[in-house]
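Features as listed in TrEMBL:
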type	residues	note
TRANSMEM	31-52	transmembrane segment
TRANSMEM	72-89	transmembrane segment
TRANSMEM	96-118	transmembrane segment
TRANSMEM	124-142	transmembrane segment
TRANSMEM	185-205	transmembrane segment
TRANSMEM	211-236	transmembrane segment
TRANSMEM	248-267	transmembrane segment
TRANSMEM	279-301	transmembrane segment
Amino acid sequence: MDWLFVFVVAMLVLDLKVFNKANTAPTMKHSLITSGVWIVLALLFAFIIFHLGGKDATVDYLTTYTLEMSLSLDNLFVFILVFGFFNIAAKYQHRVLFWGVFTAIIMRVLFILGGSALLSHFQWLMYVLGAFLLYAGIKMFFNNQEQQESLDDNKLMRFLNKVLPIKITEQDGAPFFVKSNGKTFVTQFMVALIFIEISDIIFAFDSIPASLAVTTDTFVVITSNIFALMGLRSFYAALSLILPMFKYIKYGLAAILSFIGLKMIVNEISKAMGSSFEISNAASLVVIVLCLAVAIGASLISNRREKQA
């Protein structure tokens with residue numbers, strides 16, 4: 001696993017020391033350029049995958065990368081809510097997101113390795129995983145986003161207020177801890193980081209099983225997840241302004257989850273019956289892209305009609 005350590009460190013150093021060296025609020029231009037660089041790096045890495053594993057591994061990588069990018073979009077709404085609630089200045093948001101990425105990568109690697117090991121030993125879990133993804137997709141489709149809980153009423157927020165000495169600070173550098181009168185306090189930056197980590201773990205319960213439904217090759221799933229995480233974090237500043245325009249994106253994500261779950265079940269039943277029928281990963285990639293395109297297109301058409309009305 002030495003390759004994994006080197007790969008993760010290289011990605012984090014590139015993000016912190018090259019793309020985001022100063023504590024300044026990222027502009028739309030900077031956000032689009034850095035996220036574009038991450039996307040290009042992810043696509044260039046596909047050539048390495050092709051060299052190491054061939055065409056099928058490359059399709060698996062591109063499918064899991066696209067899948068992770070799309071399913072993580074919903075998580076960005078949580079970031080917007082958290083940063084707004086704790087009044088985190090734009091110039092400090094990347095510091096919180098950076099450490100969020102660092103711990104998220106560790107957690108996701110553990111999820112992926114554990115999930116892959118389970119699926120390789122217990123094939124029947126594919127049915128369970130497929131049913132779970134199908135359920136998650138249907139639930140997302142019918143979930144009313146307007147009924148989301150505010151952070152004031154959040155159980156985690158109430159718990160943290162009870163167990164942690166929290167102190168709001170205006171210090172430069174966005175410290176996670178401060179000392180006052182000989183006592184150590186947790187700042188709003190650390191509380192925001194905790195919320196972001198918890199939300200990432202929750203969303204990983206959807207995205208990781210979906211990726212493992214495509215392939216159990218841990219190298220492919222881990223690298224595609226890391227590139228997707230780094231790209232989305234860099235794209236956050238731009239997406240925080242763009243995402244609210246796409247009001248039907250939730251339905252596209254729900255369709256993707258449902259399709260992946262259905263694919264798992266159908267392929268496992270086909271295999272058990274000795275049939276050669278299989279929904280390929282290349283077909284899955286096409287369906288994922290189409291679902292996103294339709295959701296974005298429908299949102300833009302709806303927005304235009306509302307402006308004309």
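Please read every residue number as a count from 1 along the shown chain.
Heads up, the Cβ atoms here are built off N, Cα and C, so glycines get one too.
Caution: TrEMBL annotation is automatic and unverified by curators.
Among the listed stretches 72-89, 96-118, 124-142, 185-205, 211-236, the one sharing the most Cβ pairs under 8 Å with the transmembrane segment (31-52) is 211-236. Between the transmembrane segment (248-267) and the transmembrane segment (124-142) there are at least 3 Cβ pairs closer than 8 Å, counting only pairs 6 or more residues apart in sequence, which means the two stretches are in contact. The largest share of C-beta pairs under 8 angstroms with the transmembrane segment (211-236) comes from 72-89, of the ranges 72-89, 124-142, 185-205. Non-local neighbours of the transmembrane segment (185-205) in the same chain are 71-72, 74-75, 78-79, 82-83, 86-88, 92, 95-97, 99-100, 103-104, 107-108, 111, 151, 156-157, 160, 164-169, 171, 174-179; each lies 6+ residues outside the stretch with a CB under 8 Å from one of its CB atoms.
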